[in-house]
């Protein structure tokens with residue numbers, strides 16, 4: 001357990017850095033007309049990963065289950081978990097490292113974004129070179145303008161200026177992500193009950209350990225293919241004409257409605273109405289992804305200034321993981337039966353699944369209201385959203401000089417249809 005926790009910590013350290021970097025890199029290279037779709041497409045690959053992970057588990061468990069058949073738990077509690085099962089979960093974990101290894105080389109070859117190189121590192125020449133390499137267009141950025149902008153616009157994360165400009169935005173992005181992940185990760189804890197209730201899984205005691213892994217992975221893959229993955233791509237296709245905030249509001253509202261619709265008649269649905277039960281459960285996942293699970297990833301990458309963008313996105317993501325811990329531990333205990341003697345071994349009495357689902361609906365409702373703390377970002381440049389375009393640069397002779405936004409920034413935010421000669425003239 002110590003070894004597992006140690007390496008999971010470093011996995012989290014790496015993924016915790018990749019979350020803000022992936023969103024920021026895509027936000028700063030995309031133009032403002034299609035920026036939302038591009039960032040959403042990056043996040044939608046999470047759905048591909050979910051299906052791939054379930055597929056790996058299905059294949060590995062099926063191979064071992066056929067090679068090492070064992071009795072069910074009810075027949076022999078000890079023999080139902082074969083020694084080979086220890087290899088299965090290790091293989092599933094290790095195979096998950098292959099995609100990271102494959103992408104490592106190209107990840108290390110990627111340059112910093114031009115905004116970061118110019119506005120944080122203060123190197124206008126390198127920013128121009130990186131832009132030329134990535135966008136295949138000749139760029140030139142004046143060092144003097146970069147230096148002046150950095151001098152005017154250098155407030156820190158823990159400053160009154162940041163609190164005045166972006167304190168509300170950071171509160172909005174952290175609170176919505178925190179509340180979403182409480183509900184989102186709690187749903188995963190109820191999967192076994194839902195799948196058993198609708199007949200997709202037999203009672204746990206009637207299966208061996210390897211058979212349970214196979215059946216659970218198959219059910220998770222089916223839910224992902226029917227609801228999770230389509231939800232991601234609905235967001236990709238619509239976010240740049242519906243908007244971020246409307247999608248997030250709709251997602252929270254629908255999750256609230258489906259949570260209450262599942263919880264109030266929970267026992268009636270579980271004991272006979274299988275189809276409505278699984279439809280409600282699937283639609284909750286669909287609107288989580290065609291909703292706040294995607295938009296909470298996008299919005300923090302757009303709201304904050306270049307030198308604080310990744311940091312604020314990381315803070316927002318960390319708030320989400322705090323919510324995941326609340327959901328994973330709090331509702332794990334809450335979902336156990338309130339009747340003494342009906343809990344799993346080692347757990348105290350809880351509220352029961354039905355009573356635990358009701359607070360989740362309320363939490364989604366709170367997420368709906370916290371969404372109003374963040375502005376709509378659709379169609380606006382990153383500099384307009386962060387307030388960086390409000391900084392005017394003054395030339396040494398006292399005459400007004402062009403803002404940096406009419407050079408490096410405006411070129412990045414132009415739609416790709418803009419003529420190359422026009423962009424060079426702007427620069």
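Any Cβ shown, glycine's included, is placed from N, Cα and C.
Unlike curated records, TrEMBL annotations are generated automatically.
According to TrEMBL, the feature transmembrane segment maps to residues 221-242, out of the candidate ranges 221-242, 375-396, 397-418.
Between the stretches 67-86, 87-106, 107-126, TrEMBL puts its transmembrane segment entry on 87-106. Of the given residue ranges 11-37, 38-64, TrEMBL assigns the label transmembrane segment to 38-64. If you look at the transmembrane segment (87-106), the same-chain residues 6 or more away from its ends with a CB under 8 A from one of its CBs are 14, 49, 52-53, 56-57, 60-61, 64, 210, 213. Within its own chain, the transmembrane segment (274-291) has Cβ neighbours under 8 Å at 47, 180, 183-184, 187, 194, 197-200, 223, 226-232, 234-235, 247-248, 250-252, 254-255, 258-259, 261-262, counting only residues six or more beyond its boundaries. Between the transmembrane segment (312-335) and the transmembrane segment (249-268), fewer than three CB pairs separated by 6 or more residues in sequence fall under 8 Å, so the two stretches do not touch. Counted over residue pairs 6 or more apart, the CB atoms of the transmembrane segment (221-242) and the transmembrane segment (249-268) come under 8 Å in fewer than three pairs, which marks the two as apart. Sequence-remote contacts of a segment are chain residues at least 6 beyond its ends whose Cβ falls under 8 Å from one of its Cβ atoms, and for the transmembrane segment (355-374) they are 168-169, 171-173, 175-176, 179-180, 182-183, 186-187, 190, 245, 248-249, 252-253, 255-256, 259-260, 262-264, 266, 292, 299, 303, 331, 334-335, 338.
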